[in-house]
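Structure record follows, encoded as structure tokens.
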Amino acid sequence: MRLRNNPNAQNELDNSKYTIKKYPFNVDKNVVIELGMGKGEMITQLAKENKDKFFIGIEKFATVAHKAMKRAEKLELDNFLIIDKDIKDLPELINGEVDTIWLTFSDPWPKARHEKRRLTYKSFLDLYKEILTKDGVINLKSDNDKFFEYSLESMKEYGMDILAITRDFHSSEWIEGNVMTGYEKKWSESGKNINFLRAKFK
């Protein structure tokens, strides 16, 4: 269900301590990024549970990012920030290398003519490679089976190492410590399998 547009969202984000104002933002290996974080259910909870790491959620839609901001305020987080910019500008937004990138329930862009918009298309993988540490990983969760298979092949063709893969994440050995997104909760409760993979660049 689409969120009703919040006309005050961008202004409140602009004035929030949780929104990064100056770019590029300096990061280090202890940083975890979620690309397209949506309402921030997962990343804000991860921040609450992992005080030894720093978390950045990227979400370009103000009304949606505003929800994540409110969650961070409620949890009184001091290890979480928001980037309300487009992912395609990632190298200009981030200075340094991070340890983990999460892709969670990304838009599958199913039409062939929209392939280049998929967040696992090779041009996006180029961006991720620029900001990941040598041993940094990409974690991907998706309910969309076709997008998942596309992503797996795209990463293999790019030459990435696939460290973990399952098409039934919630019954797998990699579920420990998982925090569900809103989409994940919705689809898993309806009986839909959740796909997961972890990959790194060579």
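Note: Cβ is positioned from N, Cα and C throughout, glycine not excepted.
Residues annotated as S-adenosyl-L-methionine binding site in TrEMBL: Glu34, Glu59, Asp86, Asp107. Feature annotation from TrEMBL assigns substrate binding site to Lys111, Asp143, Thr181, Gly182, Tyr183, Glu184. The region 'Interaction with RNA' feature in TrEMBL is assigned to 113-118.
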* Site diameter for substrate, Å, by largest Cα distance between Lys111, Asp143, Thr181, Gly182, Tyr183, Glu184 -> 25
* Structure fact -> Using DSSP three-state counts, the residues of the region 'Interaction with RNA' (113-118) come to 5 helix, 0 strand, 1 coil
* Whole-number Å distance between the CA of Tyr183 (substrate binding site) and the CA of Glu59 (S-adenosyl-L-methionine binding site)? -> 15
* Asked: In sequence order, which residues at least six apart in the same chain have a CB under 8 Å from the CB of Glu59 (S-adenosyl-L-methionine binding site)?
  -> Gly36, Met37, Gly38, Gly40, Ala65, Ala68, Ile82, Ile83, Asp84
* Asked: If one measures from the C-alpha of Glu184 (substrate binding site) to the C-alpha of Asp107 (S-adenosyl-L-methionine binding site), what distance in angstrom results, rounded to a whole number?
  -> 13
* May I ask you to report the DSSP-based helix, strand or coil state of Glu34 (S-adenosyl-L-methionine binding site)? => strand
* **Annotated S-adenosyl-L-methionine contacts Glu34, Glu59, Asp86, Asp107, maximal Cα-Cα distance (Å, integer)** => 14
* Structure fact -> Running the binding-site residues Glu34, Asp86, Asp107 through a 10 angstrom C-alpha radius around Gly182 (substrate binding site) leaves none
* Structure fact -> Three-class DSSP assignment, Gly182 (substrate binding site), comes back as helix
* To do: Name, in the order they occur in the sequence, the residues of the same chain whose CB lies under 8 A from the CB of Lys111 (substrate binding site) and which sit 6 or more residues away.
  => none
* Chain-internal residues, separated by at least six, CB under 8 A from Asp107 (S-adenosyl-L-methionine binding site) -> Gly36, Arg117, Arg118, Leu119
* Structure fact -> CA pair Asp86 (S-adenosyl-L-methionine binding site) / Asp143 (substrate binding site), Å rounded to integer, equals 23
* Beyond the site residues Glu34, Glu59, Asp86, Asp107: chain residues whose C-beta lies within 8 Å of the centroid, for S-adenosyl-L-methionine -> Leu35, Gly36, Met37, Gly38, Ile58, Lys60, Phe61, Ile87, Ser106, Leu119
* **Which of Glu34, Asp86, Asp143, Glu184, all binding-site residues, has a Cβ with the fewest other Cβ atoms inside 10 Å** => Asp86
